[in-house]
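Undergrad: Per TrEMBL, the features are:
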TRANSMEM  21-41  transmembrane segment
TRANSMEM  53-74  transmembrane segment
TRANSMEM  86-106  transmembrane segment
TRANSMEM  112-130  transmembrane segment
TRANSMEM  142-164  transmembrane segment
TRANSMEM  203-223  transmembrane segment
TRANSMEM  235-254  transmembrane segment
TRANSMEM  274-296  transmembrane segment
Amino acid sequence: MIHKIMRSRDHHEPHRVATTLELYFDLVFVIAIAATASGLHHALAAHHFSDGLIRFATSFFCVWWAWMNFTWFASAYDNDDFSYRIVTMVQMFGAIILAIGINNVFEHNDYTMILIGYIVMRIAMAYQWFRAAKSDSERRTTCLRYAFGIIIAQLFWAIIVIYIPHLFNQIFLFGALLELSVPVWAESANKTAWHPHHIAERYGLLVIIVLGEGILGATNAITPLFHSNEAILTEAFPLGLGISALMFSLWWLYFKMPWGEFLHSQRTLNNALVYGYGHLLIFIALTALGSGLELLADSVKEFGTMAEVAEHSTNAHSVSPLFAMTA
């Protein structure tokens with residue numbers, strides 16, 4: 001059907017798993033995440049430590065927050081009708097615009113394009129909440145709070161884009177807090193029916209994507225070492241094995257925790273916020289770690305051996321902020 005009633009999903013629904021549309025949605029966000037990681041890598045390689053980290057954090061927040069809002073909404077209201085799919089496609093288009101704009105952020109400190117893409121995604125999200133408000137009378141207040149809260153936040157970002165784009169870094173934190181406060185305000189009226197195991201699966205899939213980005217970046221940097229017969233056994237192989245073992249260990253540690261059971265057993269607003277917001281630190285740290293590993297591989301490629309990399313303090317300092325951030 002083109003337009004079905006957007007009823008609240010059953011949060012006890014058995015065998016609830018990610019849909020192909022959600023997986024496709026994640027695939028689009030791979031581009032944006034890769035752009036933030038690449039920007040951070042190049043910024044640190046050029047010794048732009050503070051600017052690089054700030055621009056990475058701000059751009060990654062925009063990517064993560066748009067992804068997170070879609071994920072929790074879909075867990076509660078995904079009805080997979082024609083309208084839902086088309087609006088989701090609009091959100092994907094916004095993610096592509098955002099990804100294109102990330103390069104301008106790192107090269108020119110220009111947030112115009114990234115905010116345009118972000119606003120496109122968020123306005124589409126507000127429309128979905130209005131649809132849910134029309135169909136779910138029990139949670140109408142919650143849905144309307146989400147919708148109007150999102151719109152108010154986008155007006156804030158639009159004012160920045162139009163009138164004061166040069167002050168973005170100075171007032172970003174206020175805008176981020178405004179965005180983060182919307183779910184707190186909305187869910188305090190009545191909790192949405194998000195599915196704990198579905199949410200845990202969605203977050204786990206993004207963790208895998210972020211880990212994969214790190215492996216890809218490091219692999220691209222290590223590949224040239226394999227063209228040197230001397231470096232294959234002495235540097236490329238040990239470095240590649242070490243990176244693989246590190247990323248595999250992080251995967252193991254993350255999925256050792258039964259996140260779905262945790263959310264299911266204590267399905268409270270506080271736990272949802274801690275889980276949902278707390279994962280920002282996990283996602284951003286893993287992405288930054290991937291950039292750091294790629295930078296380390298670049299240094300080995302430039303200086304020849306790990307020992308020589310350690311002796312060059314300039315390059316050691318290039319890597320250290322990343323590992324301090326992800327420790």
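Glycine is no exception: its Cβ is also placed from the backbone N, Cα and C atoms.
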Undergrad: Below 8 angstroms Cβ to Cβ, which residues of this chain, lying six or more residues outside the transmembrane segment (86-106), approach it?
TA: 21, 24-25, 28-29, 31-32, 34-36, 39-40, 42-43, 52, 55-56, 58-59, 62-63, 66, 70, 112-122, 124-125, 127-128
Undergrad: With pairs 6 or more apart in sequence, are the transmembrane segment (21-41) and the transmembrane segment (274-296) linked by at least 3 Cβ pairs under 8 Å?
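TA: Result for the transmembrane segment (21-41) with the transmembrane segment (274-296) is yes.
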Undergrad: Where, among 53-74, 112-130, 235-254, 274-296, do we find the most CB pairs under 8 A to the transmembrane segment (203-223)?
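TA: The stretch with the most contacts is 274-296.
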